[in-house]
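Beneath this line is the structure, given in structure tokens, with notes to follow.
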Amino acid sequence: TLVTAGVYLLIRFNMLLIDMFFFKLLLLLSGLTMFMAGISANYEFDLKKIIALSTLSQLGLMMSILSMGLPELAFFHLLTHAMFKALLFMCAGVIIHMMNDNQDIRYMGGISLYIPMTSLCMNISNLALCGIPFLAGFYSKDLILEMVSMSNLNMLIFFLYYFSTGLTMFYTIRLLMYLMINDYNLFSIYNLYDEDYVMLKSMFLLLFMSLVTGSFLMWMIFNYPYMIYLSFNMKMMVIYVSLMGLFMGYLISNMKIYSLNKFLMTYNL
């Protein structure tokens with residue numbers, strides 16, 4: 001509630017605010033918020049800070065779709081985002097606790113071998129955040145971006161939307177490479193223990209919700225289907241930027257610039 005209270009308040013008061021000049025200003029500001037939060041998350045090494053910046057980026061998305069005059073769509077994205085982002089924060093809390101309260105992702109790696117269930121929840125919620133098709137985030141995010149493509153806005157807003165979506169994929173893949181695919185850094189060996197079975201109960205509930213709730217809420221909230229008529233390339237644009245962000249995140253994470261694991265490089269000698 002602390003994060004999304006302002007968005008919810010603007011959704012409730014939307015009938016008073018609609019067609020004001022304030023909304024045009026809000027559209028620009030929230031688009032820039034999405035953009036800057038996505039860029040900042042790519043340069044961050046703190047696990048919790050990456051997830052917090054990604055939340056900020058999604059809040060910018062909700063505010064901007066609200067300022068385009070689609071409050072129910074913003075509310076739909078708010079609800080689906082609540083599912084997987086709560087799961088993401090819970091997984092991050094478990095991982096930080098396992099790492100002996102250390103938040104730096106450069107110290108982590110190979111987590112998926114030690115805590116597979118937590119890593120499963122983390123990865124699925126991360127992919128739902130990216131908008132992988134038929135997970136929860138896809139329904140709201142795809143609909144939002146197609147409504148942006150249909151509206152008669154300028155090129156700047158269009159670019160900000162799609163680039164921020166690509167950046168979401170970017171920092172998600174970066175997080176996944178650092179946490180799961182990286183080799184063990186010597187820091188993490190001593191602090192891993194068994195899974196937290198108390199947390200797993202609620203995490204599996206949220207996991208189920210972040211798989212199902214997108215299609216379910218789309219069926220519940222909208223009483224008429226949105227007819228979105230676009231050309232094929234515009235329709236596929238979301239998938240294009242997601243694949244591009246995935247590719248870029250993979251490339252950048254493979255460069256191993258910031259890895260603290262330089263000691264194991266001498267193994268080749």
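Yeah, the Cβs are placed from backbone N, Cα and C, and that goes for glycine too.
Annotation comment: TrEMBL describes 1-166 as domain 'NADH:quinone oxidoreductase/Mrp antiporter transmembrane'.
According to TrEMBL, the domain 'NADH dehydrogenase subunit 5 C-terminal' annotation covers 171-265.
What TrEMBL lists as transmembrane segment is 20-43 (among others). Counting residues 6+ beyond its ends, the transmembrane segment (20-43) has Cβ neighbours under 8 Å at 49-50, 53-54, 56-57, 59-61, 63-64, 66-69, 153, 156-157, 160-161, 163-164, 167-168, 170-171, 174 in the same chain.
Feature annotation from TrEMBL assigns transmembrane segment to 50-70 (among others).
Outside the transmembrane segment (82-99), and at least 6 residues removed from its termini, the chain residues within Cβ reach (under 8 Å) are 4, 47-48, 51, 54-55, 58, 107-108, 111, 114-115, 118-119, 121-122, 124-126, 128-129, 135-137, 179, 187-188, 191-193, 196, 199, 202-203, 206-207, 209-210, 213. What TrEMBL lists as transmembrane segment is 82-99 (among others).
Outside the transmembrane segment (111-139), and at least 6 residues removed from its termini, the chain residues within Cβ reach (under 8 Å) are 54, 58, 76, 80-81, 83-85, 87-88, 90-92, 94-95, 98, 165, 168-169, 172, 175-176, 179-180, 188, 192, 195-196, 199-200, 203-204, 206-207, 209-215, 217-218, 238-239, 242, 245-246. Per TrEMBL, transmembrane segment is recorded for 111-139 (among others).
Under the heading transmembrane segment, TrEMBL lists 159-181 (among others).
When Cβ-Cβ distances below 8 Å are used as the criterion, the transmembrane segment (202-222) is approached by residues 72, 75-76, 79-80, 83-84, 86-87, 90-91, 94, 117-118, 120-121, 124-125, 128, 134-140, 143 of the same chain, each at least six residues removed from its ends. The transmembrane segment annotation in TrEMBL covers 202-222 (among others).
Per TrEMBL, transmembrane segment is recorded for 228-252 (among others).
Remote same-chain residues near the transmembrane segment (50-70) are listed as 3-4, 7, 10-11, 14, 18-19, 23-24, 26-27, 29-35, 37-38, 40-41, 44, 77-78, 81, 85, 88-89, 92, 105, 129, 141, 144, 147-148, 151, 153, 157, 161, 164, 167-168, 171-172, 175 (criterion: CB distance under 8 Å, separation of at least six residues from the stretch ends).
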